[in-house]
Amino acid sequence: MPGRTRRVRVIALALFSFFAIVLYTRSGSTIEDYRDYAERTFEKSLGRGGAKGSGVGGGAVIPPDLGSDKQLRLEEVEITTSTFREAVVTTSTRPVAKVAPSTTKAQGLPQLEALKTTTSTVAVLTTSATPSSTSSAYVGLPAITDDDSIPDERGEGKVNVDIPYDRPTSSAIHWVSMTEHFPVSSTIQLPTGKASSIPAIQHKFAKSANSGADLDRLRVIKAAAVHAWSGYREKAWGHDEIMPLSGGYKNPFNAWAATLVDTLDTLWILGMEAEFEEAVEFVATIDFTTSPRKDIPLFETTIRYLGGLLAAYDISGSKHTVLLDKALELGEILYGAFDTPNRMPKTYYLWKPAFASQPKRAESRVVLAELGSLHMEFTRLAQLTGKPKFYDAVARITDELQAWQNSTRLPGMWPTLVDASGCGKPGQMDHGATFSTPGGDGYMSTEQPVRVEIPDKVMSQAEDEVNRKFRDAQEKLAKAGDARTADGIVGTIAKSDGSKAPTYDKPDSDSYTAERNGGIVGKIHVEDDASHSNSKRQLDDEPARVRTPPMKSVLHNITSGQETTRQRSGSQQSLSGADVCIPQGLGSSNRHSSEGFTLAGMSDSTYEYLPKMWLMLSGQVDQYRSMYETSMNVVREKLLYRPMTKDNRDILFSGDLDVAVNHSSPTKETIETFKAVGSHLVCFTGGMFAMAGKLFDRPEDVEIGRKLTDGCIWAYNVTATGIMPEDFFLVKCADQKKCSWNETLYHEVLDPYHLQRAQAADPHYEPDMPVLPAVPVPATPWAATPATPTVPDLNKRQLNAADILVPAPSIASVAYDPNIREVAGTSPEKPPQTNTLPEPPYAVYTPPPPLSHEEFVAQKIEAERLPAGFKSLTSRAYILRPEAIESVFYMYRITGEQYWRDRGWEMFTAIQGITRTTWGNSAIHDVTQVATEQVDSEESFWLAETLKYFYLLFDEPDKWSLDEWVLNTEAHFFRRTG
């Protein structure tokens, strides 16, 4: 029956397809590849209830299809905390909206298109535990490291995640608030009271033609900003950055529209109100609780996103409450990074619930700027929301920095890398010692140590694995008939839950060893129910002999030399030989190698924020002024230098200082190495010195700011493009006050090895070279006698004498005829012997003479395109940075001199002329070449900072006055209080 068979096949195929679709759909409910997750405690099935966590941290939103009596599979859930015993399952839906830019730029607001997506039922796991108190049991934390060789403990850094901005988020993982592991016992409050008298910063501009707005230049700069914004709006709307050459986009900062948020206050300042309103509408749809990136870079997110939202709210007259709402939403998420024993933040915060819910401590190698540049944004958030916990978070960092400031290798400054873990070198606790966990207060964390705990599930699985190997080994040995060896495997490992695995026979004699069979002898203590508590995984005194190597390796991998106890809320735990945290404040990450001290990258904004925080708090916290003045006194003495220039210009740069410790010396004196470096990043120092000089009545600092800013202008003017390179080395003058151009010294710096190079061309034979004959050299015959084979004396590594093999008799063969080749006519002809070497058929290579000192220097300058005064260029790029024009802007507002406007216009025309592209402005590869290569990159600070500073330089000076506003390191305007 062909027709019937065909029908059966069709029906079978249809059923198969149906089940395949169902299985595929069900498999889509898993949230994420579970490789991203550490092993978590999962002892009880999840029930339903209605408790909600409090505090900060992470939670989980997961979409399994649950029944009331159905347990979750391990791969379908995210465990929110290692300490919870019961979790609450609730359901929620998350509406999703897509915002696209309106089709016409000048008309109205963008259209909101609600996605008609049915959101799946999700389950929210939160802990029902209450905040721990100071008497609660210890909480497991990551291991402590004390090794100078480890790399910086950084997160993903700046990474690109390619996702569409209108992606549905109903099935994504979301952060939710939860209980803190280390809550503070008391909150540091914002200062109250009468504000101090703060000196004026801005110059009092008289009404004149030059003091007002330069409308012609403003129109050109605004046109550049409109061009860049239009390119982003058309090609990269909703993404972090545009690629201005190709028209593509990148998402290096969590895909939350970094350029859009970063540019909000720029749009308002430039009078682009329609574009501002359009951007605000999109901000309302950003979901900060989820991201395709697994970590949040705390520093970049704070200065760009949080700072951008707060500034847009301030600068637009506090009318758009959605901006403050989104800032608070983001602030609550970021606050979870501070949930550590010493309240120092995780600078790369793993926000996903499985990680955020776990106890954590700050890294032992943190970039200083990432730790010390959160203050302005969190303080302003506290001021606007009335939530002092945000100020408390950064005030504790300030206290730690101040406590350490005069104890570093360069007292007064901090190194670029900081140990923020709060833990010194791990020590050993006495057997049976007990302690309680600190309650999370940074001031209390020094009372008790905190140690690592292995989750119960991991420990239980490991114990089962050990006992399974016992059984396997015993069975194999018993089958092999070696009863004595089989009896050597005894005892069990007590399970963490108080139960015990099956017990095996013990040996009759303790004298038995397994060495003969290649075994490993060890001891396993068996738990005694009558004398030990089931809440602890302890060991018995009864010995056991183990011959299976896997047991030892499994124990080593599980415990790493530590005893593990179960975590019981409210009970004290016993430690025996466990690594513990010796509490300390901030410390050095490089205990045995040199440390870097600088005002440039990795440190910059930490120092920048000190006077600005004093200003934000209306001078009521003198701590910031004291810390700034202490550090800048050291900078003036150790870091500032005058470079040697061809026009003898009186300018300054800020260099780097490496400080090492001479450990071979009894006094451990320090060794300082100065580097006469320059960088675009450090150009902010001119504005910082000048502004702080006005605030703190330090007129000499205003002059230093002038020279530092002029130094960056000089670095712009001396290149072929008129743009300053990213990083370079200069030649330091011996005296800052008297320094004239010295061509000989400059050439010596460029070619320090010319004497050695000249000596390498051995001059002894040069006078005799013309008379030496070019004839073949006679070959010297020498006799060679065959070596007599000898048998060396035997040693213990060789065979015994009786074991020496005797060669076997060869197989019978035809006798060799020496004339066989001649008979066959194949005998080769022997060349005639000669006692001289043949003359080479080619010309012998003669290397050219080494370059003279003058020739070498000329070639180096030409090949490397070195401007006069530059020793080397370590980075020739320009990535649209704002630091130089930032200081020019500050100098104009502080001094009122037209000179700064003119220099700023030269900088703008040079940058705009070589970086403009179809869709915006692009970074360039080499500032020393006019026909340089453009790089397909436009960072958000081009619109957020660089163009903003250019515009403000030529705008009405009293508009956006420095006496009313204070700018963060991303040029975001915060309104001054008091």
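Placed from the backbone N, Cα and C atoms, the Cβ positions cover glycine too.
Because TrEMBL annotations are produced automatically, they should be read as predictions rather than curated entries.
The range from 64-83, 144-163, 424-443 that TrEMBL describes as region 'Disordered' is residues 144-163. Reduced to three states, the DSSP call for Glu883 (active site) is helix. For the pair Glu300 (active site, proton donor) and Glu726 (active site, proton donor), the Cα-Cα distance reads 20 Å. Across the fold, the C-alpha of Thr969 (Ca(2+) binding site) and the C-alpha of Glu726 (active site, proton donor) stand 18 Å from each other. Rounded to the nearest whole angstrom, the C-alpha distance between Glu726 (active site, proton donor) and Glu883 (active site) is 11.
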